[in-house]
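Take a look at the structure set out below.
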Amino acid sequence: MASSSLHFFFFLTLLLPFTFTTATRDTCATAAPDGSDDLSIIPINAKCSPFAPTHVSASVIDTVLHMASSDSHRLTYLSSLVAGKPKPTSVPVASGNQLHIGNYVVRAKLGTPPQLMFMVLDTSNDAVWLPCSGCSGCSNASTSFNTNSSSTYSTVSCSTAQCTQARGLTCPSSSPQPSVCSFNQSYGGDSSFSASLVQDTLTLAPDVIPNFSFGCINSASGNSLPPQGLMGLGRGPMSLVSQTTSLYSGVFSYCLPSFRSFYFSGSLKLGLLGQPKSIRYTPLLRNPRRPSLYYVNLTGVSVGSVQVPVDPVYLTFDANSGAGTIIDSGTVITRFAQPVYEAIRDEFRKQVNVSSFSTLGAFDTCFSADNENVAPKITLHMTSLDLKLPMENTLIHSSAGTLTCLSMAGIRQNANAVLNVIANLQQQNLRILFDVPNSRIGIAPEPCN
């Protein structure tokens, strides 16, 4: 049985993907520094991560541009989810050589005795999977889950009802012996893996969740797999949210820290207790073709006091085409359908009113930082909710501090040109609350540090 009540929530410490030079306490300790039941989360590139590169630039814009270089893979992946009926091989991922995806990771423990795993949080995925011992093509055998070391590990048979919930099944049509539930999937736009459906004990802070189901990756290829797997927070039956409904009531929220500090941290809360009381909600829309994605009804965008003219076809939710707007934790820069972005950009440039603009990486509207004080705020209008983005979520500065850029972009033409994505850069220092049973999402300002 789980060790906490239905209303238990936990705090997950989130950090930024930067190099740490000093520390006032042991930030890599498994337990929370204050002795609470918080479950620690660390940045995938930080010193506490086993995947941290030797050298990481501390420049905010360099870090953002580096992470945003993976957005094209992410958008291709999201596009594949909503473009028509999903194919058997059109979901999760694995890679072997290079990390291209995942900005925040959570420390979770699996097995008996518990093995510490660092798993990427993904709101647009409904699966939980990780590389297991003996995986061919996985990035590092030392970071894999050792199934032989867990006394509570077990496989799931093809004959079980749960096996039918996995996409890309490869179970034999007939077999004299019960076969292990196996499947093939893809993720991130350029990666694929084969896995077995298994069960083991999942430990989240003090909560012990027996018989938790997840994909145990046996072989992988491509460039998009988080080295120790993924923790899907979508609405599908195999996600963390769905498998822990009796414990956390299908409610979770997160507050992502700003990219402007070495030490800022944020939190992820699971369950009803501790969620903000003063928060405004907008309905969640459900796409039956891909129910895991968290769609919202974006009705318009204002730049300053001007609501920009946009053809409703680029904002209207359409389950058949996948059109609409989603909130996603894995994309770095908010992307709009090109006509929507151009309308926002042109009005923004008009109000900034400088003689010329330059381009920097993914950003095409950069100007002298001396004119930053005239930059207008951008408001996203949703049903029953107007989200006025803080300036730190709208502008980003060059390494030298001489340029300021509008930190949004259009969707490239060969991606799904009708899917708008509200990304993590624009979600920072906001509490984003997902209330799945009541089909709503709440947003409120909150300092996430």
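Cβ coordinates are placed from backbone N, Cα and C, and glycine is handled just like the others.
What Swiss-Prot lists as signal peptide is 1-23.
There are 28 other CB atoms within 10 A of the CB of Asp122 (active site), with all protein chains counted. Taken from Swiss-Prot, the feature active site applies to Asp122 (among others).
Over all protein chains present, the Cβ of Cys132 (disulfide bond) has 22 other Cβ atoms lying within 10 Å. Annotation source Swiss-Prot lists disulfide bond at Cys132-Cys138 (among others), citing similarity to another entry.
Summarising the annotation, Swiss-Prot assigns N-linked glycosylation site to Asn140 (among others).
Residues annotated as N-linked glycosylation site in Swiss-Prot: Asn148 (among others). Within the same chain, residues at least 6 positions away in sequence whose Cβ sits under 8 Å from that of Asn148 (N-linked glycosylation site) are Ser133.
Annotated N-linked glycosylation site per Swiss-Prot: Asn184 (among others), in sequence order. There are 18 other Cβ atoms within 10 Å of the Cβ belonging to Asn184 (N-linked glycosylation site).
Within the same chain, the residues at least 6 positions away from Asn211 (N-linked glycosylation site) whose Cβ sits under 8 Å from its Cβ are Gln199, Asp200, Thr201, listed in sequence order. According to its DSSP assignment, Asn211 (N-linked glycosylation site) is in a strand. As annotated by Swiss-Prot, N-linked glycosylation site applies to Asn211 (among others).
When secondary structure is read from DSSP and collapsed to three states, Asn297 (N-linked glycosylation site) falls in the coil class. Annotation source Swiss-Prot lists N-linked glycosylation site at Asn297 (among others).
Counting every protein chain shown, the number of other Cβ atoms lying within 10 Å of the Cβ of Asp328 (active site) is 24. The active site annotation in Swiss-Prot covers Asp328 (among others) and rests on sequence analysis.
In three-state terms derived from DSSP, Asn353 (N-linked glycosylation site) belongs to neither a helical nor a strand segment and is classed as coil. If you take the C-beta of Asn353 (N-linked glycosylation site) and look for same-chain residues 6 or more apart in sequence within under 8 angstroms, you find Val374. Per Swiss-Prot, N-linked glycosylation site is recorded for Asn353 (among others), and the stated evidence type is sequence analysis.
Summarising the annotation, Swiss-Prot assigns disulfide bond to Cys366-Cys405 (among others). In the three-state DSSP scheme, Cys405 (disulfide bond) is classed as strand.
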Given the recorded positions Asp328, Cys366, Cys405, find the one whose Cα is closest in space to the Cα of Cys138 (disulfide bond).
Asp328
About how far apart, in whole Å, are the alpha carbons (Cα) of Cys132 (disulfide bond) and Asn184 (N-linked glycosylation site)?
15
Nonlocal residues around Cys405 (disulfide bond), in sequence order (Cβ under 8 Å, 6 or more apart):
Ile61, Leu360, Phe363, Thr365, Cys366, Phe367, Leu395, Ile396, His397, Ser398
If you compare CA-to-CA distances from Asp122 (active site) to each of the recorded positions Asn184, Asn297, Asp328, which comes out shortest?
Asp328
What is the separation, in Å, between the Cα atoms of Asn184 (N-linked glycosylation site) and Asp328 (active site)?
24
Can you check which residue among the disulfide-bonded residues Cys138, Cys366 has the largest number of Cβ atoms within 10 Å of its own?
Cys138
